[in-house]
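Right, one structure below, let's go through it.
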Amino acid sequence: KVSIKGIERELLCPACNELFTHPLILPCQHNVCHKCVKEILFAFEDSFPDGGSESSNQSSPRIRVSPSSMDRIDRISRSGRKRNSLTPRSSLFPCPGCQRDIDLGERGINGLFRNFTLETIVERYRQAARAAIAIMCDFCKPPPQESTKSCMDCSASYCNECFKIHHPWGTVKAQHEYVGPTTNFRPKILMCPEHEMERVNMYCEICRRPVCHLCKLGGSHANHRVTTMSTAYKTLKEKLSKDIAYLISKESQVKAHITQLGLMLKETECNSERAKEEASHSFEKLFHVLEEKKLAALQAIENSKNLRLEKLQTQAEEYQGLLENNGLVGYAQEVLKETDPSCFVQTAKQLHVRIQKATESLKSFTPAAETTFEDFVVDIAKQGEILRDLSFHSNGLEIPEINEEQCRMYNKALISWECPGKTDSADIYVLEYHKLNREEESVTWQEIEVCSKSKVISDLDDGSSYVFRVRGYKGSICSPWSREVTLHTPPAPVFSFLFDDKCGYNSEHLLLNPRRTSVESRAGFPLLLGSERMQVGCYTTLDYIIGDTGIDKGKHFWAFHVEAYSYLVKVGVVSSDRIQKLFHNTHDVTSPRHEQDSGHDSGSEDVSFDPSQPFTLVTLGMKKFFIPTTPAAPKDPASRILPLPSCLGICLDCDKGKVGFYDAGCMKCLYECEVDCSCIMYPAFALMGGAAVHLEEAVTGKHEEYHDDI
């Protein structure tokens with residue numbers, strides 16, 4: 001049993017955020033109160049330049065139009081549609097539920113259905129919320145009595161006495177339908193809003209709304225797919241019941257998510273407090289530095305002030321002595337009173353020097369110190385600009401991006417990422433991944449802390465898809481998660497081998513690198529010398545090379561790259577009992593049909609396909625992948641030609657006797673066929689003309705160091 005009080009959130013109008021009152025169903029399937037729809041439309045039309053209204057938002061205070069809705073209203077109004085236009089036009093309505101502009105059609109609000117089901121649920125909620133408040137009789141004389149029933153035909157509530165009076169036995173009103181006390185009176189029959197005299201009896205599957213037969217015959221739903229109302233009722237009810245049952249069966253999962261969200265709420269609280277403490281500590285350190293600088297600056301100003309005051313005070317005292325009967329002048333005046341020449345000369349000589357210096361200083365007066373402190377002005381313009389730009393470290397912590405081109409999924413997974421700004425702003429990265437399994441109800445991420453920008457992961461399941469994401473950390477601040485990237489593992493364990501430089505290897509036509517991981521075909525002098533015997537109808541040979549390790553059981557996968565300039569390359573597998581025949585056939589430079597003693601006059605005969613080939617190969621070349629001609633292959637030749645993947649893979653299943661050719665980038669199977677695996681099977685390659693093949697290298701820990709260096 002559903003708790004009415006637990007669904008209040010679903011019963012609130014998105015416009016007024018109050019319980020629905022006469023809700024209308026919009027074409028986008030959202031519900032809005034009838035009054036709110038009108039108020040929004042009034043606000044919408046009043047916003048037009050020629051609307052003739054100065055009160056754009058003077059509607060009822062119960063409605064709260066969001067800023068985004070008002071922005072859309074302004075945008076639509078600027079499009080030029082006139083409020084009082086005589087030409088019928090589609091009425092646009094900014095839905096407060098989905099934040100989209102909805103076309104209400106030519107009838108506008110009159111073409112919308114009332115949601116009587118939602119209205120009934122709201123009424124039940126109101127009754128549950130005000131269980132103690134009774135519905136009074138509409139016909140009693142004061143004081144009114146509590147009603148006992150409501151008439152759905154009269155749309156009124158009655159007590160027992162008033163009901164008998166207004167619905168006497170033997171009259172038509174006695175046949176009226178009555179229910180328990182309610183204020184929600186809904187019509188017995190749902191009528192079409194476009195054809196008011198017609199009842200709806202069909203359901204339009206295109207518009208997802210009830211329609212009448214006139215709508216289907218010649219109305220706006222004439223070409224739409226419709227069904228009967230009973231069929232739509234049964235179908236929608238079955239779907240809704242099934243979906244509700246599924247959600248109820250997942251109650252434990254929902255509770256687990258609620259628990260997880262609760263823990264995340266607590267974790268968010270804790271992390272926010274920790275972030276506040278760290279921010280406060282950072283600003284306190286900044287305050288401490290500023291306080292030290294402040295004290296040092298004030299002390300320097302104070303020392304300079306004292307020194308200047310001392311100098312100016314000394315200079316002032318010296319000039320004070322130049323006054324009459326004071327200081328130096330007064331002393332000189334007393335010396336002038338001396339009458340003994342020898343005594344006067346003895347004292348006056350030094351005194352005269354002092355008087356001359358005082359005279360010169362008086363003529364060129366210069367203060368002993370400056371009164372301004374311009375040298376002590378603190379320039380904080382640059383520092384102020386830096387402080388104004390001061391922000392949380394998370395704003396500067398860039399979101400890392402997983403580089404899918406550098407990532408590899410082979411024997412191990414190499415996951416590489418980078419920062420858009422090419423700066424390593426994070427101290428540490430956290431890489432998370434999980435196996436993609438749509439049957440699992442919940443996802444469990446595995447977490448790895450990485451100090452670099454790449455990580456090699458082992459022990460991933462074969463033939464699976466994994467989702468990866470990464471984010472950076474600097475202290476307690478972390479960046480948002482990167483975009484999730486899905487990568488696919490090979491369909492089988494990786495088979496390691498090298499090119500065999502002994503069995504059938506033609507060193508005149510093929511060139512191996514020292515590690516035997518790359519082979520290249522070269523057209524040299526041996527081919528030119530052999531061409532002397534070629535006259536007409538000749539063909540050029542394929543040079544074969546195999547792997548140095550065979551497979552006798554199990555399922556294995558290997559990958560390789562074919563250079564884009566390669567003209568013709570064949571790849572696949574060959575059995576051990578056919579190897580000698582394979583290499584023996586390929587050493588003939590010219591067709592035996594064209595020897596002078598062959599008995600053939602030309603080589604123009606068609607070469608027939610030999611179904612007993614000693615190998616299972618597919619043809620590559622000119623940046624194309626050619627699906628072999630088989631009964632199951634498409635008849636159209638163009639449909640058998642695919643773009644050549646940058647990395648090609650081969651999967652050999654000896655137990656099932658099948659070999660598959662894959663796009664190793666996305667692990668998509670391009671072609672699969674049966675093969676006889678009764679003998680030991682070897683990887684086989686054939687090249688002609690300019691071509692090169694490189695084996696895919698196994699992922700090791702060195703790849704991690706290599707990407708870090710990059």
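Cβ atoms are placed via backbone N, Cα and C, with glycine included.
These features come from TrEMBL:
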{"type": "REGION", "residues": "51-90", "note": "region 'Disordered'"}
{"type": "DOMAIN", "residues": "187-229", "note": "domain 'B box-type'"}
{"type": "DOMAIN", "residues": "336-393", "note": "domain 'COS'"}
{"type": "DOMAIN", "residues": "396-492", "note": "domain 'Fibronectin type-III'"}
{"type": "DOMAIN", "residues": "477-704", "note": "domain 'B30.2/SPRY'"}
{"type": "REGION", "residues": "589-608", "note": "region 'Disordered'"}
{"type": "COMPBIAS", "residues": "589-603", "note": "compositional bias 'Basic and acidic residues'"}
Positions whose Cβ lies under 8 angstroms from the domain 'B box-type' (187-229), at least six residues beyond its ends: 25, 27, 29, 105, 107, 110-113, 116, 152-153, 177, 235
The domain 'COS' (336-393) [mean pLDDT, rounded to integer]: 79
Summary of DSSP states over the domain 'COS' (336-393), given as helix, strand and coil counts: 35 helix, 0 strand, 23 coil
The domain 'Fibronectin type-III' (396-492): DSSP-derived helix, strand, coil residue counts: 1 helix, 43 strand, 53 coil
Per-state residue totals over the domain 'B box-type' (187-229) - DSSP helix, strand, coil: 7 helix, 11 strand, 25 coil
